Amino acid sequence: MGYNAGSYDVIVIGAGHAGCEAGLAAARMGSKTLMLTINLDMVAFMPCNPSVGGPAKGIVVREIDALGGEMGRNIDKTHIQMRMLNTGKGPAVRALRAQADKFSYQHELKKTIEETPNLTLFQGMVERLIVEDGECKGVITQAGAEYTAKTVVITTGTFLRGEIIMGDLKYSSGPNNQQPSITLSEHLEELGFDLVRFKTGTPPRVNSNTIDYSKTEIQPGDDKPRAFSFETTKFIMDQIPCWLTYTSTETHRLIDENLHRSAMYSGMIKGTGPRYCPSIEDKVVRFNDKPRHQIFLEPEGRNTQEVYVQGLSTSLPEDVQRDMLRTIPGLENVEMMRTGYAIEYDAIVPTQLWPTLETKKIKNLYTAGQINGTSGYEEAAGQGLMAGINAACRSLGKKEVILGREDAYIGVLIDDLVTKGTNEPYRLLTSRAEYRLLLRHDNADLRLTEIGREIGLITEERYERFTNKKLQIEQEKERLSSIIIKPRPEVQELIRNIGGSELKDGIRASDLLRRPEMTYEHIHLLVPSEVELSDEVKEQVEIQIKYEGYIEKSLQQVERMKKMENKKIPVDIDYDAISSLASEARQKLKDVRPLSMGQASRISGVNPADISILLVYIEQGKIARVSNQ
């Protein structure tokens, strides 16, 4: 027998990385919010890699922070190591990566949630949604509690009909042997949602005391203080190294001999796995010309002996995993503490979502994270933040927020999902962003802080610091553009020392900085600023001046694209009435229901001829609309 358990503005189902961001954002925006999760001890749990960031993903964490989200602040307080990646490359692909103390990460984020006003955290399993007249009105739990809400956000991760697989062993489970969610998945199918079956995996964990680190290569963190959050002022300098080793020919032989026992190759696994995070079996088979593969040994925290064996994701049986580990240099006598496994789960086809992450089938229902077909904590957190923001906006009667591809990697991620869909777990890559020179690690605050403030997630104090930083950047750029550096002896000597060509005439300081061998610090030696500038301001000045031409070119591309984005398509347009559209294009347009000509042009199967026909049709005002009957 059910009972009325309360009424909320926003209900979030799940408390993983998507759910935490969704719940915190909604509550901080002023919505009365409830977070429901199967197990309170698993809030913000890291079931796979104990790390945050990396190429593209690290930029997403910066974007989450710039908008007022929590992931960046939380990892800054709880990491054991931090490194800037791709420092030898251009600014567009640089990214920060932190090794997490996964237990501290969980503890700190749960504490933040518990202390946040407007936010209630409760342990309970949601089995059904309350849906009336095509609108979501709340949820019903396994215990019969009925919670009503203006909006609901589903962030169930890999729990929907989750199954763990190792060799020929297969059983119903969420990650890390947690209770899976079976009934909710079945209920979503009843409501008419198309679901797909995806798979991901995790490697074994081993005991640090049984590793011979002398046979591995140390991978220390950066000496320079690093942080994801623009608010962080206290840095953790007591870092713990990771270690690099490699598989051996014996490892590969053992895998080859036992491929028939791998769930990946025996037919036990039906779900599609992540292309960019293959299992060790997959790597050995697909890249059989390579004599070895990298293995990183990553501590799971400061107060545990568990070490994550990065690069050894597997669905081989337990006995093979133990033998395989002991063929790796440094792990000859290792003790395995947890086995690796594959996990299959249900995800919804993401083209069933609007760019706000609201479902098209049911109003006021949003989804975020791995349920949308993505992989990765960062991708989940970015979606969770946007779903939470938009659910709160709907509940408060405010305009919803959609980030464009030119605004953020989060915008690229969501647009790819809702426009193109995905037939495998989606991972964000820098190559997916056509405006990646604009979407850098260093300028996330310049891109998104204004939006964060408008929606109420950025404090006035933080906004004031941001505007001061912006002003200092502009003033320093103007100063360098107005100063002429003459070919004095000390100038020529500095240029010679760094391998540059001597000056023939005077040159603007900004033009001298554009030379590839020149840095801001070199210019500062020649024409020092009277104002003390932070490293972040100096970095912005250098990048904006050095790459000005390329940035300008990208901005022109954005303006051309915006013309297409500004050509809106009515939501209720009847594509069947446009007889000259190709049949494939018509079906894809009906499935995705793009909101603009720009979005329509990115749908696979819709070619330029179809776009031209659609454009003419709309501009002539011949809009046949689908009947609401």
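The backbone N, Cα and C atoms fix where each Cβ goes, and this holds for glycine too.
Database features (Swiss-Prot):
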type	residues	note
BINDING	Gly14, Ala15, Gly16, His17, Ala18, Gly19, Val126, Ser181, Gln370	FAD binding site
BINDING	273-287	NAD(+) binding site
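Here the features listed in Swiss-Prot are placed on the structure.
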residue: Gly14; record: FAD binding site; DSSP class: coil
residue: Val126; record: FAD binding site; DSSP class: strand
residue: Gly273; record: NAD(+) binding site; DSSP class: coil
residue: Ser279; record: NAD(+) binding site; DSSP class: coil
residue: Val285; record: NAD(+) binding site; DSSP class: helix
Closest of Gly14, Gly16, Ala18, Val126, Gln370 to Lys283 (NAD(+) binding site), Cα positions, binding-site residues only: Gln370
Least Cβ-crowded entry, counting other Cβ within 10 Å, from the binding-site residues listed as Gly16, Gly273: Gly273
Least surrounded among the binding-site residues, given as Gly14, Ala18, Val126, Val285, Phe287, when other CB atoms within 10 Å are counted: Phe287
For Gly16 (FAD binding site), the one of Gly273, Ser279, Glu281, Val285 that lies nearest, given that the binding-site residues are compared by Cα: Gly273
All-chain count of other Cβ atoms within 10 Å of Gln370 (FAD binding site): 30
Length of the line joining the Cα atoms of Gln370 (FAD binding site) and Val285 (NAD(+) binding site), in Å: 27
Residues Gly14, Ala15, Gly16, His17, Ala18, Gly19, Val126, Ser181, Gln370 binding FAD per the record - widest CA separation, whole Å: 18
Least Cβ-crowded entry, counting other Cβ within 10 Å, from the binding-site residues listed as Arg275, Lys283: Arg275
Cα proximity to Cys277 (NAD(+) binding site), best match among binding-site residues Gly14, Ala18, Val126: Ala18
Glu281 (NAD(+) binding site): tally of other CB atoms within 10 A of its CB: 24
Most crowded position, judged by CB atoms within 10 A, among Cys277, Ser279 as binding-site residues: Ser279
Separation of alpha carbons, Ala18 (FAD binding site) and Glu281 (NAD(+) binding site) (Å): 30
Cα-nearest neighbour of Val285 (NAD(+) binding site) within the listed binding-site residues, Gly14, Ala18, Val126: Ala18
Separation of alpha carbons, Ala18 (FAD binding site) and Phe287 (NAD(+) binding site) (Å): 34
